[in-house]
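Features reported for this protein in Swiss-Prot:
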type	residues	note
COMPBIAS	52-62	compositional bias 'Basic residues'
COMPBIAS	230-241	compositional bias 'Acidic residues'
REGION	32-98	region 'Disordered'
REGION	216-247	region 'Disordered'
REPEAT	185-226	repeat 'WD 1'
REPEAT	249-289	repeat 'WD 2'
REPEAT	296-336	repeat 'WD 3'
REPEAT	341-381	repeat 'WD 4'
REPEAT	388-427	repeat 'WD 5'
REPEAT	450-493	repeat 'WD 6'
REPEAT	496-527	repeat 'WD 7'
Amino acid sequence: MGADNELSEFEKQRLANIAERDALLKKLSLDAQSSGLFPPKSARSSPGGQTKPKKKPPPKKVKKEDEHPVPRRMSSRLRGLAADSEVAKRKADEQYEAAQQAERAKRVRKSDAFSFSEMLVSGQKLSGDSLIGVDVVTKGVAMPYQRTFGDEDIKKTTDKELKALREEMSGLRLWEAWEPNRIKLTPERIYTMTFHPSEAKPLIFAGDKMGNLGVLDASQEKPTSAVKQEDDEDAEDDDPDPVLTTLKPHTRTISSLHIHPSKPTHLYSASYDSSIRELDLEKTTSVEKYAPESTSDDIPISGIDMAPDDPNTLYWTTLDGAFGRYDTRASRRSAVATWQLSEKKIGGFSLFPTHPHFFATASLDRTMRLWDIRKLSHDDPVPVGEHVSRLSVSHAAFNSAGQIATSSYDDTLKIYDFGSKGIAAWEPGYTLSDAEMKPDTIVRHNCQTGRWVTILRPQWQANPQSSIQRFCIGNMNRFVDVYSSSGDQLAQLGGDGITAVPAVAVFHRSTNWIAGGTASGKICLWM
């Protein structure tokens, strides 16, 4: 027991000494660290034997005052400044007005006479003899490429004359010299087209949205050197485009073109710039034939027509719903007569060719109206009769047989036969009842053109070679449809290379040539 107690006392003393020594060493270590003699103990090493360095705390950012501080937004009152001066305000108003006036100036019509060089936009110089020839100087949904009329319909035709005409019209083929997507006749969307009356060669005129006039002589042939050989890979790059001419006689949309058959060297064009101009195809000059007295008067013209027996009198309609007449041989002040026929725009009109005192109008107010100039009051004009459609009527086209074809946004083509009702013998003041004004034939046709396609309008052939009257109209499925006056479809013209809707479709007045114009300024020609 004694030994155990002694060891125990000894052990206690030893432990006390160890504790005292450790305390002394710890005190010395702390004193040394505080004086900077030794670095602090390193962190424990990781299991892999590598020590992980401690992240250094980011240095404290000391906010420095900017030598040139950015001024804060403050009101003029807090800055102690006076309100903007009247001079500054007036200057800003003048700059704005100048910009607006410059924009308006681009759209104001030019009343001066133009030479060819002043109108030329692109293409070759026009030559009167080579251009027109010696003989002339004398609601549906569009389904692209889906046909609604074809060979099977022709085979089922029992009427011999109708079948022969269907075969003839369906036999028309696209101009082979160039594909339609190569024939860009105008820079912008085509609004109107017409053929020159010459039968010697197809000569086409097209007016676009910006006042450009395109001219194409389709008798030209592709140069033989440009014909691509099967084994020549580079021939396509050398293939020239057709020779075209582009003029700019107007500052705004050309809405209508007309060539009088007894005056074939003169082309009349009507425009939204409120003017009607005459282009002399021999002299290649353009002069203004009609316009409001002031250039500031904005009266866009929507259509133009002339009586076959009178090459001097112009008839027109406006987007304001007015109808006008002017004998170009007299002064404008005394010879211009106008009638306000509608509160809304008249989109299209035409004269009855054989009795031009009758004319038909199509309006945004959903009406097709028949008028007689012999009994037309300026104060309260009353039509011979009118027919109201479900939606707006785009155009009303008269043919030589006294029939009117209209297109409407209710997706119908309507045909009114006033020839069978004795229109040629009607006396001034004759009127028709609502029942007598109903259409004789209604054809379903998709007329939903939308914003980017020109409105579809029917156009008759002026002098057909057979007793069957016929008209053409664009088809939203990228065709041109041909119908008879009884509503029978005669043809549906298409072909390779037609990449857009040929919305503007026109017949040559006597030959079975048909042209269609697209929103990209390109044309298709069937012959």
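Glycine is treated like the rest: Cβ placed from N, Cα and C.
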Practice problem: For the repeat 'WD 3' (296-336), could you work out the same-chain residues 6 or more beyond its ends whose Cβ comes under 8 Å from its Cβ atoms? | Solution: 108, 252-253, 255-258, 260-263, 268-276, 289-290, 342-351, 353-354, 356, 359, 361, 363, 371, 373
Quiz prompt | Contacting positions for the repeat 'WD 5' (388-427) when only residues 6+ beyond its ends and CB under 8 Å are counted | solution = 139-140, 347-355, 358-368, 370, 372, 436-437, 439-448, 455-460, 462-463, 469, 471, 473, 483, 485-487
Practice problem: Provide the three-state DSSP residue tally for the repeat 'WD 4' (341-381): helix first, then strand, then coil. | Solution: 3 helix, 18 strand, 20 coil
Quiz item: Same-chain Cβ contacts of the repeat 'WD 6' (450-493) under 8 Å, 6 or more residues past its ends?
Solution: 140, 142-150, 153, 161-162, 165-166, 169-170, 172, 189-191, 261, 347-348, 353, 394-395, 397-401, 403, 405-407, 413, 415, 417, 441-443, 499-510, 512, 514, 516-517, 519, 524, 526
Self-check item: Close approaches to the repeat 'WD 1' (185-226) from elsewhere in its chain (Cβ under 8 angstroms; 6 or more beyond its ends)
Solution: 119, 121, 123, 126, 131-133, 135-136, 175, 177-178, 235, 238-240, 242-259, 261, 264, 267, 269, 271, 273, 279, 452, 454, 503-504, 506-511, 513, 515, 517-523, 525, 527
Quiz item: Using DSSP, how many residues of the repeat 'WD 1' (185-226) fall into helix, strand and coil, respectively?
Solution: 3 helix, 17 strand, 22 coil
